[in-house]
Amino acid sequence: MNDSYNDNIPLISVVNSDNEDSYNEEEQETIGLNSIKISKDSRRDSIKSNKGRTILIGKKNRTRYAQNVIRNQKYNIITFLPVVLYEQFKFFLNLYFLLVAISQFIPALKIGYLVTYIGPLVFILSVTISKEAYDDLLRKKRDNEENSQKYEILTEDGFKHIPSSKIKVGHLVRIHENQRVPADLLLLRTSNVNGECFIRTDQLDGETDWKLRTALSTTQQLEFDSQLCDYQASVYAEDPHKDIYKFIGTFTSFASDSDSVSTPLNVENTIWANTVLASGTAIGLVIYTGRDTRSVMNTNFPKTKVGKIDWEINRLAKILCIVTFSLALALIAINNFRGIWYISLLRFLIILSSIIPISLRVNLDLGKTYYSYDIMHDKNIPETIVRTSTIPEELGRVEYILSDKTGTLTKNEMELKQIHLGTLSYTTEAMEEIRSNLLMIYENQNEVNMRFKRSKDMANRIKDIVLALAICHNVTPIISEDGKLSYEASSPDEIAIVKWTEEIGMTLIYRDTKKLKLRTPIDTIIEFTILEIFPFTSETKRMGIIVRDDITNEIIFYMKGADSVLSKMVLFNDWLDEECGNMGRKGLRTLVIARKKLTYDVYEEFQKKYDQAKLSVVERNEEMEKVQNTIENDLELLGLTGVEDKLQDNVKPTLELLRNSGIKIWMLTGDKVETASCIAVSSKLVSRNSSIVQFCKIHDLTELKEKLVGLSSMSDSCLVIDGETLQLCLTSCKDLFYETTKNLPAVVCCRCSPTQKADVTKLIKSKINNCVCAIGDGGNDVSMIQSADVGVGIVGKEGKQASLAADFSINQFQFLAPLLLWHGRNSYKRSASLSQFIIHRGLIIAVIQTVFSALYYFAPIALYQGLLLVGYATVFTSGPVFSLVLDKDINFATAMKYPELYKELLKGRSLSFKTFFQWALTSVYQGGIIMTGSILLFEDQFQNIKSITFTALILNELLMVAFEVKTWHKTMILAEVVTLFFYIFSMFYLKTDFDLHFIFTIDFVWKVAAITVVSCLPLYIIKKLKRCISPPKYLRIRD
């Protein structure tokens, strides 16, 4: 697509408001056949109040904005090698071997074949670079596919196709059903006559429910799409920002040179990039492209998580470096620093470099890949996805689990269980009575019967609250081709309530931006005109709607929301707070329902002020809220609803299992204190013997500290703390807060914001040596999940955002137990065993070299060189050693039956300085035995010392692997046998290292066997005796 073609596309001119100097003179800009005069003062006021972009139809775009390209590549041609190499050499192991490899280019330091030291490093780097290059090429390919997708652009000559990368701010783009939106658009027209369309936003906010969007009425009313090219209007759009739920703009249409009509724009008029049009077709004006789109601005690139085991091994590598230097220095010192001692020192450092095994990271990475594969193919946890394959071992050392409530511990499947009218309360069993009362009031609405005045009053109250519930929501009815009615909404609570009204006879059958139709129990249709909607937000915690009854012309303001907010707005009553508490203790989510009848004059005055507030460029939301507050008072309380969120399958046994494994569990939720407390008890997060201590609405720091000190002596209590008090703890006394709560069996944090969830996660991470696991299912859990050592996302009703942001994705909370207690335990123990054995493999050959050098007049000469040295760490031992990743000390059933076994891992005994030094002593003993035994038994064959010691070394390592295995797997046996035969056959090829006539003698065989037995048997006996005297817990359980 050439530039000349782009020039022929009518753009909406973009005036950059960032440059005030460009408005020093009055400007006149031509639009179509007319001209619009925009004064300097109005321009300057707009600039001072809020920078943004002003878009005029009919002029070529002269302002450069971000290109509309998708770029997920990590590298480019220039940065690829430097960045990849930096990522590799920031680890001490690789940096050390880089220095060793470089030293081989210095003649005085060169030892043996150059390939011996450069080959392994080049191989590892080649594998890494190739993998990164391949992954990045795949990313580039996907980017190119996305950027080359064709979209329809409206031009003066009709619709033409251009790739998405050529789309610019000001283009008019037509989107078809199920097509991805390529840029942030202002919705101008849809194929629906009402200007409505639905979009799917699951790739943006993770929510699976369809969202309703509305086109501008002025452009929707145009007869033909082509009229947009000549339409005289300007669009003001605020500067791009990350908030996908907010947008401030103004659409100004010009009827003549002097008259203009301004229409406020909000997020309901936009379609953000990366969403999908779910119905019909739509034409939108491009307002943001590329990196300015909400989608890109909300794309987080979290740092690659590195497991604690990797850093622990990195520390051990530094200790090994010190050991290497100490051995080299000792050899030089014992030789009285003779000759050019510093050259000899460097040569010894190179010769003994096998102490730090370069293959360690490769084996660990391969092990992680296997663990990830094992997790994703486990039939006990189907459809589990590993998104971060670098940290499976961290699942085996989780000390804290921070869990969301709704959708995580509960199913997010709502059912209206109770409705309270002040004097009467109806539960599920009494819903038939509500249905009969509602039917009675509609059947007899024109009759007057004073004998049953009391029952009729109650029926009217039921009718009022049912009508309020059927009207006050953002639910859209969808009728399928087979005539089946379903509902779409962003909140499962609202769908549950609308389904309940349908069950008792009041059915929502039609809804658009202006009209709402209900079918009554007697099959009549009642219609309401929607005058204004006040959407629910996490800040306001309420939702309102103003409607006009088309039959009576009565204007009614309905509102529903949290009791903490509406209790201050409704008329005085003596039951609301008490009943909210009662429902909360039953685990129900409460919703207060209220209304207010408005006179025509009151409504007109309110609407006038509200429309003015909508047009405000500065602090629009605040101005609108001020006007809204003028009618949010003296509301008539209609009733209270209680919605149950069902517990996830097997939540109770799962929580008990995790608690018995030594894991502390906290619940972090945005729900109210009563509901969260009840769910904590019903889910067995809090045991029946534990008391609940509540910290709510504490604003005094001294009082808070006193209560925390008092709580420290109540170790069997569960703390329930609200968001306000939690914030005070996090800002003023977080150390005291942690020290007090660390010994409690459970903590429930209520009314938590996403930021607070992340802050709690970071606080606990900073205080413990083990891991913090965060689990959730919604977009509000993403910050907590990304802040944790291990993030687990559940694919739930709220969408996939948490799942996509997590390290591990599961379908149900109950899968967390096998993920931690089985896979986590196996991964950690296997990696600990594998890493320590590889370190042992490097240490033992270094000890043999040290003894050889000491006996050979301290000369810095390598005993093993070339293919022999390379083969030792690869083909001669790698198979059996790596097969340790298949080892398991117990089976799945035992791991799930005895969660106490997991508690042992939290002590860090599998990989510690103690176990490291035990393996180091083992290496010193075996290396010394192999070298000194060879010299003593083969005193006359010193020229064959290389083949003697190397054969004993290989046999020793194969036996040591066998001693480490707890449960034999057929692959382990195969690896041992194949490796042994391969070593024997390699002797025929490596003739310079092996004298075949000498090797195939009885003398050689029995003496090497004797050396191997002496090096291994005592250690095996000690190990068996230790297990008999003090067997490990897993062995006692297994036996």
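One-based numbering along the chain as shown.
Cβ coordinates come from backbone N, Cα and C, glycine included.
Keep in mind it's a predicted model, so treat the numbers as computed, not measured.
For ASP404, the entry in TrEMBL reads active site, 4-aspartylphosphate intermediate. The Mg(2+) binding site feature in TrEMBL is assigned to ASP404, THR406, ASP777, ASP781. Feature annotation from TrEMBL assigns ATP binding site to ASP404, LYS405, THR406, GLU494, PHE536, LYS560, ARG589, THR669, GLY670, ASP671, ARG751, LYS757, ASN780, ASP781. As annotated by TrEMBL, domain 'P-type ATPase N-terminal' applies to 60-118. Taken from TrEMBL, the feature domain 'P-type ATPase A' covers 151-294. Taken from TrEMBL, the feature domain 'P-type ATPase C-terminal' covers 804-1031. Taken from TrEMBL, the feature transmembrane segment applies to 91-109, 115-134, 316-334, 340-360, 838-858, 864-886, 916-938, 944-965, 972-990, 996-1022.
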Six or more residues beyond either end and a Cβ under 8 Å away: which residues meet both conditions relative to the transmembrane segment (972-990)?
867-868, 871, 875-877, 879-880, 882-883, 886-887, 947, 951, 954, 958, 961-962, 965, 996, 999
In angstrom units, rounded to an integer, how far apart are the Cα atoms of the residue listed as 'active site, 4-aspartylphosphate intermediate' and ASP781 (Mg(2+) binding site)?
7
Cα of ARG751 (ATP binding site) to Cα of THR406 (Mg(2+) binding site): how many Å, rounded?
12
In the structure shown, with every protein chain counted, which of the recorded positions ASP404, ASP777 has the densest set of Cβ atoms within 10 angstroms of its Cβ?
ASP777
Who sits close to ASP781 (Mg(2+) binding site): which same-chain residues at least 6 apart have their Cβ under 8 Å from its Cβ?
ASP404, THR408, PRO754, LYS757, ALA774, ILE775, GLY793, ALA802
Interface present between the transmembrane segment (115-134) and the transmembrane segment (838-858) (three or more C-beta pairs under 8 A)
no
If you run through the domain 'P-type ATPase A' (151-294) with DSSP, how many residues end up as helix, strand and coil?
20 helix, 62 strand, 62 coil
Rank 115-134, 916-938, 944-965, 996-1022 by Cβ pairs under 8 Å to the transmembrane segment (316-334) and hand me the top one.
916-938
Of the residues in the domain 'P-type ATPase N-terminal' (60-118), how many are helix, strand and coil by DSSP?
30 helix, 0 strand, 29 coil
Greatest inter-residue Cα distance in Å for the ATP-binding set ASP404, LYS405, THR406, GLU494, PHE536, LYS560, ARG589, THR669, GLY670, ASP671, ARG751, LYS757, ASN780, ASP781
27
The transmembrane segment (996-1022): which same-chain residues, six or more beyond its ends, come within Cβ distance under 8 Å?
922, 925-926, 929-930, 933-934, 937-938, 941, 944, 947-948, 951-952, 955-956, 959-960, 963, 987-988
Same-chain Cβ contacts of the transmembrane segment (864-886) under 8 Å, 6 or more residues past its ends?
111-113, 115-116, 119-120, 354, 357-359, 363, 366-367, 370-371, 830-831, 833-834, 837-838, 841-842, 845, 849, 946, 950, 953-954, 957-958, 961, 964-965, 969, 971-972, 975-976, 978-979, 982-983, 986, 990, 993
Using Cβ atoms and a strict cutoff of less than 8 Å, what residues sit near the transmembrane segment (115-134) while being 6 or more residues removed from its termini?
74-75, 80-81, 84-85, 88, 94, 97-98, 100-101, 103-104, 350, 353, 358-359, 361-362, 865-866, 869-870, 873
Averaging the pLDDT values of the domain 'P-type ATPase A' (151-294) gives 85
Nonlocal residues around ASN780 (ATP binding site), in sequence order (Cβ under 8 Å, 6 or more apart):
ASP404, GLY670, PRO754, LYS757
